[in-house]
Amino acid sequence: MVSTSTQIAGFAFDNCLMNAAGVACMTKEELEEVKDSAAGTFVTKTATLEFRQGNPEPRYQDVPLGSINSMGLPNNGLDYYLDYLLELQESEPNRTFFLSLVGMSPEETHAILQKVQASDFKGITELNLSCPNVPGKPQIAYDFETTEKILSEVFAYFTKPLGIKLPPYFDIVHFDQAAAIFNKYPLKFVNCVNSIGNGLYIEDESVVIRPKNGFGGIGGQYIKPTALANVHAFYQRLKPEIQIIGTGGVLTGRDAFEHILCGASMVQVGTTLYKEGVVAFERITTELKTIMEEKGYESLEDFRGKLKYIEE
Ligand code: SIN
């Protein structure tokens, strides 16, 4: 019997596929749809302390090999997602869900995390250190000093399971430096990767999204090699207690297989979920299981992280 079950932070999930924060997760109705699909769990839209309208539209565009977005963290505010998750804990006590969040300043991030810490929330928290789309706010995890300061302050009071959503890194030295910081903290996971920030897509003579004169985060097929490199680089460098969630360019079971081969314990689907809807989870799961069957693998542990290199 082939199984795609997995665990993160000691919580069990009957499937390793889930949505990526930002897709199908703004409203309770969208989250319910993911919850009731073949996905193993869901993550909410990244919540700020208060409701945010986000950037002006059009701010998301499907493009041939993926997507470009500059959403600007539109969301219903922390209480909307936290209240829903607290209700779900009662009605679905055997399942675990992810809450994504970040503040518009370090102070707001701490206020949000302190609220989660003080609540009865028993799920997993993902701190988004990588949104590329808020004008004037750089992607936090590209600033190692700020990232380390935030993590050291957070872990002084936050004792619930916590992971971080990362932007893609492109330099081996940056993988080394980032991993050295993350290894100092009791993180449960890192999620690699958010969109590749500030790309530009042009049709005829014009950009396709309004915010920032068309600059936006790139997702989909364009980013799979970068996503896989980040998953594997952190799998090689992080202490084993810090698991990897792989995100980026997952269209097929083969893509999910490659993320797991690179070291991912969970795989998130963003652009493909946006384009295809929640039926994508069943299709990708079936394709992944077929590959596992062909190779004689019964569980993800049989091949996780076992990427082969070309010997000298
Ligand atoms: C956004 O809301 O701008 C996308 C979220 C993200 O990239 O973190």
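Positions of Cβ are set from backbone N, Cα and C atoms, glycine also.
Summary of the site annotation: TrEMBL records FMN binding at Lys45, Thr46, Asn128, Val193, Gly220, Gly248, Gly249, Gly270, Thr271. Screening the candidates Lys160, Lys165, Lys295 against this entry identifies Lys165 as the one listed for that site. The binding residues for substrate are recorded as Lys45, Asn69, Ser70, Met71, Gly72, Leu73, Asn128, Asn194, Ser195; their greatest pairwise CA distance is 16 Å. Residues Gly72, Cys131, taken from the recorded positions Lys45, Gly72, Cys131, Val193, Gly248, are distinguished by a CB atom under 6 angstroms from ligand 1. Between the candidate binding-site residues, Gly72, Gly248, Gly270, the densest Cβ environment within 10 Å is the one around Gly248. When the alpha carbons of Ser70 (substrate binding site) and Lys45 (FMN binding site) are compared, the span between them is 14 angstrom. Around Asn128 (FMN binding site), the same-chain residues at least 6 positions away in sequence with a Cβ under 8 Å from its Cβ are Ala21, Thr46, Ser100, Leu101, Val102, Ile164, Lys165, Asn194.
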